[in-house]
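Taking it in order: structure first as structure tokens, then the write-up.
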Amino acid sequence: MKNPMLEAASLLLEKLLLISNFKLFSVSVPGGGTGKNRPYEISSFVRGDVLEVSRTHFIHYGIYLGENRVAHLMPDILLALTNDKERTQKVVSNKRLLLGVICKVASIRVDTVEDFAYGADILVNHLDGTLKKKSLLNEEVARRAEQQLGLTPYSLLWNNCEHFVTYCRYGSRISPQAEKFYDTVKIIIRDQRSSLASAVLGLASIVYTGLASYMTLPAICIPFCLWMMSG
């Protein structure tokens with residue numbers, strides 16, 4: 001049975017990301033999600049390479065470990081709902097991903113290149129040129145990725161897939177995607193202390209003017225954005 005609250009939260013996050021053009025914060029990757037079973041030329045990948053694909057409204061990153069294996073930090077709501085590894089190891093759908101972002105649950109897991117890419121085109125080591133940082137040796141990059149496998153808390157701003165790969169590749173956790181998302185949101189929300197006030201005002205507007213009020217969406221979105229931006 002579907003949970004209406006999780007369904008609504010998933011839809012809200014998706015709309016927020018669309019509004020902020022989050023997908024445009026990194027390079028546009030053509031062909032995203034056009035065919036989950038498409039073949040990939042994995043012989044061109046080297047252990048320790050950073051792989052980059054377009055996934056839902058995010059640019060998703062992973063570290064190639066060799067032998068058709070990719071380590072990547074992946075939000076997944078199922079991690080909060082079950083300990084059944086057979087279920088959680090299945091390919092993470094876009095809805096599972098979005099709900100995992102909302103609930104801040106994730107793991108650093110290993111998938112095949114095909115499952116990681118989810119039908120999108122793959123860019124290799126594109127961050128090297130974007131960030132203009134000196135990368136570590138590829139074997140060290142892969143070793144760092146392997147050492148971090150397992151459950152991890154998720155934060156859109158402080159611990160996402162880009163933070164994971166930049167730590168492995170360059171030795172420091174940075175995420176231009178997250179920084180640009182934060183810059184967009186803070187134009188509207190300047191102080192986290194406004195969360196309680198906005199929630200109270202939003203509740204009052206809903207009570208007195210009804211759910212159809214034009215004030216309802218901001219009343220819900222502002223506290224929700226603050227929740228997602230918290231560590």
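For all residues, glycine too, the Cβ spot is worked out from N, Cα and C.
Residues annotated as active site in Swiss-Prot: HIS60 (among others). The Cβ of HIS60 (active site) has 26 neighbouring Cβ atoms from other residues within 10 Å, across all protein chains displayed. DSSP classifies HIS60 (active site) as strand under the three-state reduction.
Here HIS72 (active site) comes close to HIS60, TYR61, GLY62, ILE63, ILE108, ARG109, ASP111, PHE116, CYS161, PHE164, VAL165: these same-chain residues lie at least six apart in sequence, with C-beta atoms under 8 angstroms from its C-beta. The active site annotation in Swiss-Prot covers HIS72 (among others), and the record cites sequence analysis as its basis.
Marked as active site, acyl-thioester intermediate by Swiss-Prot: CYS161. Neighbours of CYS161 (active site, acyl-thioester intermediate), defined as other CB atoms within 10 A of its CB across all chains, total 24.
Using DSSP to sort the residues of the domain 'LRAT' (50-177) gives these counts of helix, strand and coil: 51 helix, 38 strand, 39 coil. Among the features that Swiss-Prot reports, domain 'LRAT' is placed at 50-177, with the record citing sequence analysis.
Annotated topological domain 'Cytoplasmic' per Swiss-Prot: 1-194, in sequence order, evidence recorded as experimental evidence.
The transmembrane segment annotation in Swiss-Prot covers 195-215 and is backed by sequence analysis.
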